[in-house]
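Feature annotation from TrEMBL assigns active site, proton donor to Glu98, Glu332. If you look up TrEMBL, you'll see Asp239, Glu353 marked as active site. Here TrEMBL flags Thr456 as Ca(2+) binding site. Residues annotated as region 'Disordered' in TrEMBL: 497-537. Per TrEMBL, compositional bias 'Basic and acidic residues' is recorded for 499-524.
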Amino acid sequence: VRGPAGPGLSAPCLCRRERVRAMFYHAYEHYLESAFPYDELRPLTCDGQDTWGSFSLTLIDALDTLLILGNVSEFQRVVNVLQDGVDFDIDVNASVFETNIRVVGGLLSAHLLSRKAGLEVEAGWPCSGPLLRMAEEAARKLLPAFQTPTGMPYGTVNLLHGVNPGETPVTCTAGIGTFIVEFATLSHLTGDPVFEDVARKALKALWKNRSDIGLVGNHIDVVTAKWVAQDAGIGAGVDSYFEYLVKGAILLQDKELMSMFLEYNKAIKNYTKFDDWYLWVQMYKGTVSMPVFQSLEAYWPGLQSLIGDVDNAMRTFLNYYTVWKQFGGLPEFYNIPQGYTVDKREGYPLRPELIESAMYLYRATRDPTLLELGRDAVESIEKISKVDCGFATIKDLRDHRLDNRMESFFLAETIKYLYLLFDPDNFIHNDGSDFDVVVTPFGECVLSAGGYIFNTEAHPIDPAALHCCRKRKQEQWEVEDLMREFYSRKKSKKFTLKRAPDRGEGENAKDPEDASSEKAGEKRNSKKSSHSLLSCPSQSFNSKLAVLGQVFLDNT
């Protein structure tokens, strides 16, 4: 624990932050004692169970939370445990969606945080490393699911055998559109474009199949592209598709993804929004099909804050907060006209979404109401859910009956967002005033400057890392021209220098043989093309040489 409250950190916030830390360790230590190496803790019986594929999932999901809480030594220990103990070459049917957001996302985040955690990283990091190789291995196990006529993936894949012959082709919208953050990061770090390519193809397939009024349904047949469930909304089955259009646009500085979201946002406001609530409607007609609020929809105010729509975000957040205060948690379904829970949907599995929105909105507004939600969440979870062996899912918010499960997202998301809400000085909130410069095989690279993008399991991705693992074409071409000029003066015979392939360039990446055959003049002309509005122009290589000094070459 840092000493006295720092700038912006009041004594009550410090106290609540430390309560959240204690909550984490109560859950985490009991997972290690009673449930590891199973995926999840069963807190009522103090044992464990595999749920999403036998990956020691809670350990992977909690790894970056350890570092956010400042526990460097345990982060380092767990990295070694995972390297030695996790095997993806197993005969298990795994959710493509859950494996991506929890396992691939968790490993990528931990990989990019390894240096900050004091691990000795290998030469070439962040473009190489054991956790990156594990993330890539896990992601490759998911690729067979994308081999469909539409490019939209199956929902389940066998990690050893691929897609089972009898696998259902019906997948939820979120299960199709929630890959671009993790898969684009993988492509940029490893240089293999296949991951980003399949994620983009799936996103565009959903976009192509939206209705005439601009909405998407809940479930679709990935073989025929026919909508099976035609309810349109922002909640379960759809939610993280919209989230990843925004976060993918920010991460990749991609105007197309953002324009897609903004078009959806217009349709959502036109057809589903009523008095700052969002209902479910028929995707082709826009008529109301379910006047309910789902707890998973509580991410929406946070997403609105990311696009600058803070006023609307706060109004919707306050609606959701009234439900929390009514029950001490968010029921899975809440009937808006009746003002009460929906039958058989009265539970609260300690979900993070409302706390997530509070964290984003507090960063944007500093409204103390958002801290009150955090305080209420700590009080409710500790009072209702805490048991001897951890924290249990609340089966029914009306009578506080519990269920024998602690989902891994409790440590990955709920605790993390609570902690960050009460810790404004955390490195995750870095405003760019502090950063690290890392030397990679592709040049110098700035990391840890902030702007982290959370995947939908709250695993932070450093967007700067995506620019570390590929050479800038302009600089590479200028080096080649300088080398040609040097050798043409030194030697009478022609010197040919082959160009290495660019990393992470997707389908447009050129073969090195083709690239080396281009004329130097064409290369110079290509440098004159205008810079993208979403990128910062770089100083030319020749200018850098002039500033940094001479290059000395001997005659040998």
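Note that Cβ sites are derived from N, Cα and C of the backbone, with glycine treated the same way.
Positions of the features from TrEMBL, shown on the structure.
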residue	record	Cβ neighbours (10 Å)
Glu98	active site, proton donor	20
Asp239	active site	25
Glu332	active site, proton donor	21
Glu353	active site	24
Thr456	Ca(2+) binding site	25
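Rounded to a whole number, the distance between the Cα atoms of Glu353 (active site) and Thr456 (Ca(2+) binding site) is 10 Å.
A 10 Å radius around the C-alpha of Glu98 (active site, proton donor) takes in none of the active-site residues listed as Asp239, Glu332, Glu353. Between the C-alpha atoms of Glu332 (active site, proton donor) and Glu353 (active site), the distance comes to 12 Å.
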